[in-house]
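Engineer: These came from TrEMBL, pasted as-is:
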type	residues	note
DOMAIN	15-369	domain 'tRNA-guanine(15) transglycosylase-like'
BINDING	ASP93, SER94, GLY95, GLY96, PHE97, ASP147, GLN191, GLY218	substrate binding site
ACT_SITE	ASP93	active site, proton acceptor
REGION	249-255	region 'RNA binding'
ACT_SITE	ASP268	active site, nucleophile
BINDING	CYS306, CYS308, CYS311, HIS337	Zn(2+) binding site
Amino acid sequence: MTKPGTFVVHATDGNARRGTLSTAHGDIQTPIFMPVGTQGTVKSLSPQDLEEMNAQIILGNTYHLYLRPGDELVARRGGLHKFSNWNRPILTDSGGFQVFSLKGIRKLSEEGVEFRSYIDGSKHFFSPEKAIEIQMNLGSDIMMVLDECVGYGADRGYTEKSLEMTTRWAKRCRERYPAGSGDQLMFGIVQGGFFKDLRTRSAEQLCSLPFEGFAIGGLSVGESIPEMYEQVHHTAPLLPAEKPRYLMGVGTPLDLLEAVSAGVDMLDCVLPSRNARNGTLFTSQGKINIKKAAYKEDDSPLDPNCNCYTCRNFSKAYLRHLYMSKELLSYRLNTYHNLYFYLDLMQQVRDSIENGTFAQLKARYEDAYAA
Ligand SMILES: NCc1cc(CSc2ccccc2)c2nc(N)[nH]c(=O)c2c1
Ligand SMILES: [Zn+2]
């Protein structure tokens, strides 16, 4: 088995990279989309479903798993892989973002973040060290440092102070689990809001630390698409070319393609599974909403170019009926298709970088998804 943390770039096409990241639970082919499995499960799908659609890695959530069922309970069951019977790589977020994005009282200090549980209102505290200890208990292959994701519209002064603290927290996280002390990897997270010089400073400070990879945080927080793209194109090239680059919480199919064109290797987003819940489905011809009356007697598959279980076995008419009837199967079949679409898109991206046709692939989807 290749040493966990090894990242090899096999081919490039412009700034897009085709790579392989080795982890203790197997290799990850990049660029890659990572389904979000907040509570140790990608909602409505089984590990078998995910393996069938070639999901190489899934995301878990420190905040949620710490509160329920508890990271120590999971550790006593052999860690999150054994507990959830997912034997491929897992990446976990540090929990800071969830504390800030979920409602409820929380207090931020140099020491860490105090918050109340969304389950029973009990008080809790995450220091950078605690956030890493939880991820060590979960046994995730890639741990994220504790960071502050400042909200959209934060002023320069606040953003500057926040990124300095995020860097100090990153150092504490790395010291809690030093590089090479085990098979778990650790990624730093670049912040700096929408100030290019602060993004540059955050990247410089973090990249001097021995992380196995680097994430771009603090985007997709309410800004316009052009603003997000501008910060991605500014920040990605600042990160070490020989390490994986992860853009957190982004985005639509076009966002994935734009980020890859900027040199990003890894992405995650709740969109495919969240949209499945409201009937918004991604297809090779653009987005469709299955609840539209037009599909009431449409016997055609969701996407004639999709080879997934949903598209091979059910008509739009039936999928619309399930959605209108609020059947559980609706959520499952819609999620299956949306995630399959995202994963298949990234397989096409990997192939296109290998044969130098990434720009053409990107243009094709931009036409299909134009407004
Ligand atoms: N708005 C995008 C976003 C999303 C996430 C969550 S990504 C995620 C979610 C669930 C499981 C694993 C990773 C973030 N996480 C951190 N730590 N910092 C950010 O700036 C940030 C920004
Ligand atoms: Zn499909």
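Heads up, the Cβ atoms here are built off N, Cα and C, so glycines get one too.
Unlike curated records, TrEMBL annotations are generated automatically.
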Engineer: Helix, strand, coil residue numbers for the region 'RNA binding' (249-255) per DSSP?
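Structural biologist: Once the DSSP states are binned, the region 'RNA binding' (249-255) shows 3 helix, 0 strand, 4 coil.
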Engineer: Under a criterion of Cβ-Cβ distance under 8 Å and sequence separation of at least 6, what residues of the same chain contact GLY218 (substrate binding site)?
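Structural biologist: Listed in sequence order, they are CYS149, VAL150, VAL190, GLN191, GLY192, GLY193.
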Engineer: Give me the sequence-ordered set of same-chain residues, not including ASP93, SER94, GLY95, GLY96, PHE97, ASP147, GLN191, GLY218, with a C-beta within 8 angstroms of the centroid of the substrate site's C-beta atoms.
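Structural biologist: For the substrate site the neighbour list reads PHE100, MET144, VAL145, LEU146, GLU148, CYS149, ILE189, GLY217, MET248.
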Engineer: Using Cβ atoms only, which residues of the same chain lie under 8 Å from GLY95 (substrate binding site) while being at least 6 residues apart in sequence?
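Structural biologist: Listed in sequence order: ASN61, THR62, TYR63, TYR66, PHE126, ALA131, ILE134, LEU146.
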Engineer: Among GLY95, ASP147, CYS308, the binding-site residues in the record, which have a C-beta under 6 A from ligand 1?
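Structural biologist: With ligand 1 as the reference and 6 Å as the Cβ limit, the list reads ASP147.
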Engineer: Can you figure out which of GLY96, CYS306, CYS308 (the binding-site residues) comes closest in space to ASP268 (active site, nucleophile), comparing Cα atoms?
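Structural biologist: Ranked by Cα distance from ASP268 (active site, nucleophile), first place goes to GLY96.
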Engineer: With Cβ-Cβ distance below 8 Å and at least 6 positions apart along the chain, what are the contacts of HIS337 (Zn(2+) binding site)? List them in sequence order.
Structural biologist: ALA276, LEU281, PHE282, LEU302, ASP303, CYS306, CYS308, THR310, CYS311
Engineer: For ligand 2, list the binding-site residues among SER94, CYS306, CYS308, CYS311 whose CB atom is within a distance below 6 Å of it, in sequence order.
Structural biologist: CYS306, CYS308, CYS311
Engineer: Near ASP93 (substrate binding site), which residues of its chain come within a Cβ-Cβ distance under 8 Å, counting only those 6 or more away in sequence?
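Structural biologist: Correct list: LEU59, GLY60, ASN61, THR62, TYR63, MET144, MET248.
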Engineer: What number of additional C-beta atoms lies within 10 angstroms of the C-beta atom of ASP147 (substrate binding site)?
Structural biologist: 30
Engineer: Which entry in the list of binding-site residues, CYS306, CYS311, has its Cβ near the fewest other Cβ atoms, using 10 Å as the limit?
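Structural biologist: Relative to the other binding-site residues in CYS306, CYS311, CYS306 has the fewest Cβ atoms within 10 Å.
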